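Some features that Swiss-Prot has for this protein:
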type	residues	note
COMPBIAS	1-25	compositional bias 'Basic and acidic residues'
DOMAIN	64-255	domain 'Reticulon'
MOD_RES	A2	N-acetylalanine
REGION	1-38	region 'Disordered'
TRANSMEM	75-95	transmembrane segment
TRANSMEM	97-117	transmembrane segment
TRANSMEM	186-206	transmembrane segment
Amino acid sequence: MAEEHKHEESIMEKISEKIHGHDDSSSSSSDSDDDKNSASLKTKIYRLFGREQPLHKLFGGGKPADIFLWRNKKVSGGVLGAATVSWILFELLEYNLLTLFGHISILALAVLFLWSSASTFIHKSPLHIPEVHIPEDVVLQLASGLRIEINRGFTVLRDIASGRDLKKFLLVIAGLWVLSKVGSSCNFLTLIYIATVLLFTIPVLYEKYEDKVDDFGEKAMREIKKQYVEFDVKVLSKVMSKIPKGAFAFIKKKD
């Protein structure tokens, strides 16, 4: 009887192990299915301009990104305030850059010189003027990044000029036309200041209302693509049909 009882217990243990093993496998498979579904949902979310990284990483992920996205409000406000004061001085008050630099330098050097000279008479320690130098690695990084961006711009311009992508060509022409109109209505300094203000406001507002902006951008892109298809059928296809095919063959051979 004892052996039969042990045999029944071993059978029950095997059955329970199989049941628990099936539950574990089913739960793990369901978890993996949930992970896959959540991952697929994440990939389906539309991001403006096909963005795949957070906005902070797109700005470099360092101190410049913290400044533009107002992670440090004092520094961001100071930079924007300095840009505003500079624009007021040079644009509204029509102050000359060299004149301003000369006056500030004269005032600063005079104060430092008088304080250092008078410190021995008033029995106070002279001012400690720190050494100022530009690190070489920072300059090399900036130069390397600027070189890469300039070369990338040259590559894009070459592709556009070669006649391979008519859509990109029309977009660039429209952008340059808008830029020329804006440049004719305001000078270069005002344009730089407007770009600075936009750089300090649009990214942080976009980060705050990201989902709403992306949803609106998705609808806008659908409408733009729809209008472009109609424009392509009604206008571009007719224009391209009138251009001799030998011209494009000549361009391809030249490339």
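Every residue gets a Cβ built from N, Cα and C, even glycine.
Summarising model confidence by region, the domain 'Reticulon' (64-255) averages a pLDDT of 83. Residues of the same chain lying 6 or more positions beyond the ends of the transmembrane segment (186-206) and with a Cβ under 8 Å from any Cβ of it are 48, 55, 59, 68-70, 76, 79-80, 83-84, 86-87, 90-91, 213.
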